[in-house]
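Chemist: Quick one: the structure is below, questions incoming.
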Amino acid sequence: MYNLLKGKKGIIFGALDENSIAWKVAERAHEEGAEFVLTNAPIAMRMGQIKELAAKTNSEIIPADATSMDDITNLVEKSMEILGGKIDFVLHSIGMSVNVRKGRHYTDSKYDFTTKGWDVSAVSFHKVMNVLYNKQAMNEWGSIVALTYMAAQRVFPDYNDMADNKAYLESIARSFGYFFGRDHKVRVNTISQSPTPTTAGQGVKGFDGFISYAEKMSPLGNASALECADYTISLFSDLTKKVTLQNLFHDGGFSNMGVSTAVMDKFTEE
Ligand code: NAI
């Protein structure tokens with residue numbers, strides 16, 4: 001390990017179980033010398049295994065529903081107390097579509113479901129940055145990262161309204177990132193990750209076909225959760241200080257492919 005985050009303090013949203021991308025980020029951040037607070041929705045806390053992760057990484061847990069300004073405010077205030085100062089990095093690793101959960105087709109969305117999923121998956125990122133910005137809770141040259149998926153740019157029919165939520169999330173990163181950069185020298189980026197076998201990932205219909213198709217299309221193959229964590233650590237480190245307002249593809253090259261020989265072979269099989 002390289003001590004890339006030595007002395008840095010953070011908040012990590014979204015570690016549900018050991019498959020979660022946020023779980024791997026927490027483990028890697030700990031290895032790189034960071035101290036952080038773990039947070040998740042109160043309901044996820046009862047169902048998940050976050051206590052195990054907290055023990056392993058020597059961190060405290062503060063429950064927060066990321067759609068609640070009160071919860072986020074409490075989280076940020078308590079985190080600064082626990083960590084003894086301002087925050088250097090924040091990971092937003094949160095996503096949920098009620099339409100997907102309830103099996104509603106995209107062409108037949110229920111709009112209170114749409115609104116709830118949008119609030120959890122996209123607006124929560126604005127709310128988190130709102131609190132961090134207005135409380136001046138971030139150190140200069142801090143780094144904020146949210147996770148996204150390429151369905152924000154291209155059609156993936158079964159990704160449902162999460163595609164729209166991700167487009168909105170990526171836009172928030174740019175819009176808020178401008179003010180955060182200008183006023184506090186904090187960078188804001190999204191990482192657009194390969195399909196990954198996690199609870200949220202496997203909620204997408206046809207996920208198995210989807211993940212093997214992406215694997216065959218990508219020259220380097222799909223990126224794992226651990227590889228995503230490594231990339232995230234690089235964005236939290238001082239080695240990427242001038243990277244901001246970006247949507248960064250971490251997908252083994254998938255996003256720039258038209259077709260691969262592996263996929264062509266499937267169509268030319270006798
Ligand atoms: P996950 O299911 O392990 O993590 C999702 C997290 O969101 C859970 O910890 C859940 O408790 C949390 N969450 C849901 N509602 C919340 C709320 N109201 N307040 C606070 N937290 C809440 O799955 P994964 O895959 O690790 O997801 C993390 C992020 O990565 C999500 O933004 C997801 O869309 C994104 N992503 C996932 C991909 C995949 O194929 N798994 C691909 C590209 C992006």
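Note: Cβ is positioned from N, Cα and C throughout, glycine not excepted.
Automatic prediction, not curation, is the source of TrEMBL annotations.
Pulled these from TrEMBL:
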BINDING   Gly14, Ser20, Ile21, Ile94, Lys166  NAD(+) binding site
ACT_SITE  Tyr149  active site, proton acceptor
ACT_SITE  Tyr159  active site, proton acceptor
Chemist: Give the number of CB atoms, excluding that of Ile94 (NAD(+) binding site) itself, located within 10 Å of its CB.
Modeler: 25
Chemist: Calculate the distance in Å between the alpha carbons (Cα) of Ser20 (NAD(+) binding site) and Tyr149 (active site, proton acceptor), and round it to a whole number.
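Modeler: Computed Cα spacing between Ser20 (NAD(+) binding site) and Tyr149 (active site, proton acceptor) is 15 Å.
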Chemist: Just jot down the residues in the same chain as Ile21 (NAD(+) binding site), at least 6 apart in sequence, with C-beta under 8 A of its C-beta; none if empty.
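Modeler: Counting only residues 6 or more apart in sequence, the Cβ neighbours of Ile21 (NAD(+) binding site) under 8 Å are Gly14, Ser93, Leu147, Gln193, Thr196, Thr198, Ala225, Cys228, Ala229.
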Chemist: Tyr149 (active site, proton acceptor): which of the recorded positions Ile94, Tyr159, Lys166 is the nearest Cα neighbour?
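Modeler: Considering only the listed recorded positions, the nearest one is Lys166.
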Chemist: Using a Cβ-Cβ cut-off under 8 angstroms and a sequence gap of six or more, which residues of the chain neighbour Lys166 (NAD(+) binding site)?
Modeler: Ser121, Ala122, Thr148, Tyr149, Ala151, Ala152
Chemist: Enumerate in sequence order the recorded positions Gly14, Tyr149, Tyr159 whose Cβ-atom distance to ligand 1 is under 6 angstroms.
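Modeler: From Gly14, Tyr149, Tyr159, counting a Cβ under 6 Å from ligand 1 as near, the near ones are Gly14, Tyr149.
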Chemist: Can you tell me how far the Cα of Tyr159 (active site, proton acceptor) sits from the Cα of Ile94 (NAD(+) binding site), in Å?
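Modeler: Cα to Cα, Tyr159 (active site, proton acceptor) and Ile94 (NAD(+) binding site) are separated by 15 Å.
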Chemist: Among Gly14, Ser20, Ile21, Ile94, Lys166, the annotated NAD(+) contacts, find the widest CA pair distance and round it to a whole Å.
Modeler: 18
Chemist: Pick from Tyr149, Tyr159: which of these active-site residues has the biggest number of other Cβ atoms within 10 Å of its Cβ?
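Modeler: Within the set of active-site residues, the most crowded position is Tyr149.
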Chemist: For Ser20 (NAD(+) binding site), just count the other CB atoms lying within 10 A of its CB, please.
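Modeler: Other Cβ atoms within 10 Å of Ser20 (NAD(+) binding site): 26.
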